[in-house]
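As written in TrEMBL, here are the features:
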- B:LEU20, B:ASN27, B:LYS156: xanthine binding site (BINDING)
- B:34-157: domain 'Phosphoribosyltransferase' (DOMAIN)
- B:ALA128, B:ASN129, B:GLY130, B:GLU131, B:ALA132: 5-phospho-alpha-D-ribose 1-diphosphate binding site (BINDING)
2 protein chains.
Amino acid sequence: MKLLKEKIMNDGKVLSDTVLKVDSFLNHQIDPLLMKEIGEEFANRFTDEVITKILTIESSGIAPSTMLGLTIGAPVVFARKRKSLTLSGNLYSSKVHSFTKNETNEISVSKDFLSPDDNVLIVDDFLANGEAVKGLLDIAQQSGATVVGVGIVIEKGFQQGGQILREQGIRVESLANIKSLANGQIEFFDY
Amino acid sequence: MKLLKEKIMNDGKVLSDTVLKVDSFLNHQIDPLLMKEIGEEFANRFTDEVITKILTIESSGIAPSTMLGLTIGAPVVFARKRKSLTLSGNLYSSKVHSFTKNETNEISVSKDFLSPDDNVLIVDDFLANGEAVKGLLDIAQQSGATVVGVGIVIEKGFQQGGQILREQGIRVESLANIKSLANGQIEFFDY
């Protein structure tokens, strides 16, 4: 996705060989017009699939997922990272380790919002080691829903998450796939 | 806002005299079309103001804020509830107590994304005791930005947050204002 790659090149900050900071348009400040175009691009990539529900995880997955949901007319469900008092019992849960934050969270989705009738597209902002997507896949599988694929805004293709998922036969569509962050330079895979 | 009130009447669940659960369209599952209409209604309410930045808090404020941002062409900044390793230093911070979750979080916004030149609209999903909005106001004030007002999806008008803010001269626009949740019945203020 050309616009996204340009935004990453212009506004992304390489903090190390593995960490790319895109806080100015995706993870902390949000560029709503870019989110709309990302939502439309996800819709294009999965136009051959009937999607009844978009499953993401708080917080940075919410904006692109909501724009996709608006485009295709499907609701979004975001997994919560901690239980709140008004969201107790009746949950699908899974554990997710975040290497960036160096912590393990239990993520949860209410059983009210995923069912065996659902065709689910999983969406997230980043794919690195694949921990968050694995947790969301686990939750979708617990519900009996069908997962039609995974839509990722930025894949770190030099880490193993995408490869592991694709080897399991899961369709993964990344709008930007980073080949390397070495020497402070952002390099994309060409496709 | 008629559509929102209908949604609350049809899909909201009264858990107690003070707790309204709207997990099916706002706080856990998100209705993207409703979010778009909410964003447009906020834009209408504040059409007399120049807004350069929308300030909200993760997670449930993100979807309505992003739709507002799309409508008026302004970026969204969401305050984070915990520090991550890629968001350290250079922060405005404030403490927010959540009565629903019975915990106090430090919320933070990077100094990169708020400045004295900004005209900020604060947006959140709920206004009850006003703790989250007070934290966001504190952060906006630390940055030197001008706060043009507060946009709330659902105000619990029977709690004191809205009154306290309005008595301070802050413009608060709520798209639905609940008068009472007593006896399991949802009653709105008429305006």
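Even glycines carry a Cβ here, placed using N, Cα and C.
The C-beta environment of B:GLY130 (5-phospho-alpha-D-ribose 1-diphosphate binding site), restricted to residues of the same chain at least 6 apart in sequence and closer than 8 Å, consists of B:GLN160, B:GLY161, B:GLY162, B:ILE164, B:LEU165. Per-class residue totals from DSSP over the domain 'Phosphoribosyltransferase' (B:34-157), listed helix then strand then coil: 39 helix, 46 strand, 39 coil. Other than B:ALA128, B:ASN129, B:GLY130, B:GLU131, B:ALA132, the residues of this chain whose Cβ falls within 8 Å of the Cβ centroid of the 5-phospho-alpha-D-ribose 1-diphosphate site are, in sequence order, B:VAL96, B:PHE99, B:PHE126, B:LEU127, B:VAL133, B:LYS134, B:GLN159, B:GLY161. Across the structure, B:ASN27 (xanthine binding site) and B:GLU131 (5-phospho-alpha-D-ribose 1-diphosphate binding site) are spaced 18 Å apart at their Cα atoms. Fewest other C-beta atoms within 10 angstroms, among the binding-site residues B:ASN27, B:ASN129, are seen around B:ASN129.
Distance from the CA of B:ALA128 (5-phospho-alpha-D-ribose 1-diphosphate binding site) to the CA of B:LEU20 (xanthine binding site) is 11 Å. According to DSSP, B:LEU20 (xanthine binding site) sits within a strand segment.
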